[in-house]
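According to TrEMBL:
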type: TRANSMEM; residues: 52-78; note: transmembrane segment
type: TRANSMEM; residues: 98-122; note: transmembrane segment
type: TRANSMEM; residues: 143-162; note: transmembrane segment
type: TRANSMEM; residues: 168-187; note: transmembrane segment
type: TRANSMEM; residues: 249-268; note: transmembrane segment
type: TRANSMEM; residues: 300-328; note: transmembrane segment
type: TRANSMEM; residues: 349-367; note: transmembrane segment
type: TRANSMEM; residues: 379-397; note: transmembrane segment
Amino acid sequence: MPASSLPAHQVGCPCCGLSLFIPTLTPGESALCPRCHQHLVRIEIHPLDTPTAYAIASLIIMTIVYTQLYMSIDLFGIHVELTIPYMVATLAQQDYSLLAEIMFFLTFGSPVLFLLLCLYVFTGLRYQQVLPGMLYATRTLVLLRHWIMVDVFYIATLVSYIKISGMAQIHFGLAFWFMMVLGILLIRTSQGVPEHWIFYQIQHLTGNDPTLQKHNTDTINCHYCLFEQPNTQNVCDVCGSYLSRRKPLSLSISMAFLLAAIIFYIPANLLPMMITRSPGTNLASTILDGIEYMWNDGDVLIAIVIFSASMAIPVLKILSMLVLLYSAAYRPLMSARKLTVLYRITESIGRWSMIDIFVVIILMSAFSTPLAHVTPGSATIYFCAVVIFTMISALSFDPRLIWDEIKQHPSHHKSSNKRHSS
């Protein structure tokens, strides 16, 4: 059997908890859960070469994106050249260090760390060496995938361009075009990192084969690597993570962060998001003020994008999480499959709310002249907290609890199906 294949074995679905048997998978094949259609594992046709090549290409492109001109703006006879480091430095110099750190991490720190860890892990696999901290590196790079927002920043740039093109001349630099390429490469690199297969390969290098292990006692499926482990263990022998039948305190942690997001969302909408200063004027605008201004000014597309990112997505995500938490704790409000789909959508869209924050940062960097000066308002910190808290709330939620609740109360599931089919 080729070294890159994955032998047949038993796994547990991390989304619905179903214990199922996966047949032998060879490069180019994948496995899905038959009950909830959760993606379990996909092996690339060239499982070692593909992620490595994309990671190296991403790092090369990143050097261009973060060293070359991103965009230049000519406003009132003043020429401003923007680079990504310049935007971060501008935030820090004007005492917006927290915003600077958030932007640095989401657009540079997380992707660089993800790519370096990816190369570290796949280098060990390629040369058949178990490198120090290889299991921890794999768990970390899987977690970092949720916090890479290069593509979000790129879309925010397009929104900013439409917003200011009527009052200034804008020229995109080399970094702008390569950022689009970088976003695509990062997505493709992330797709080429099948953690279930990686954990198997690492154990295979140590002489252990988790697919051959037979446990006489009651077993538990690890949520991170999906392999079966004895129920008596506290730590997974395959990936090194802590074992639990379900995520510990999942509902409590998820609800705590969701309530924090709800509380922070109030000042995020009431306080000014952006302050515009020019000779004789000092305009502080909230999120709704900005949307209304752009709509009345004829920038309907921008108004819709900002409304979706700043108001629709956060509200819908909060409502969706409330539905999921109630369904997992008390009574399912719809079928388990529909709730699972709702969870996947909720988990994936939350980061796009950062568009509004990135737009403010770009405008601040562009308009830093005596004739026009833009600064972030106090709402930006609250809104960042809302985005981060809702993301943590979704990531902390264990969707298997929905299926557990329906299994314990099948009458609720039947009545829910009847209600939705009528």
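Yeah, the Cβs are placed from backbone N, Cα and C, and that goes for glycine too.
Automatic, uncurated: that is what TrEMBL annotation is.
Ranked by Cβ pairs under 8 Å to the transmembrane segment (379-397), the stretches 168-187, 249-268, 300-328, 349-367 are led by 249-268. Fewer than three CB pairs closer than 8 A are found between the transmembrane segment (168-187) and the transmembrane segment (300-328), and contact between the two stretches is not assigned (pairs 6 or more residues apart). Most Cβ pairs under 8 Å to the transmembrane segment (98-122), among the stretches 143-162, 249-268, 349-367, belong to 143-162.
If you look at the transmembrane segment (143-162), the same-chain residues 6 or more away from its ends with a CB under 8 A from one of its CBs are 70-71, 105-107, 110-111, 113-114, 117, 170, 176, 179-180, 182-183, 186-187, 190, 193, 299, 301-302, 305-306, 351-352, 354-356, 358-359, 362-363, 366, 391, 395.
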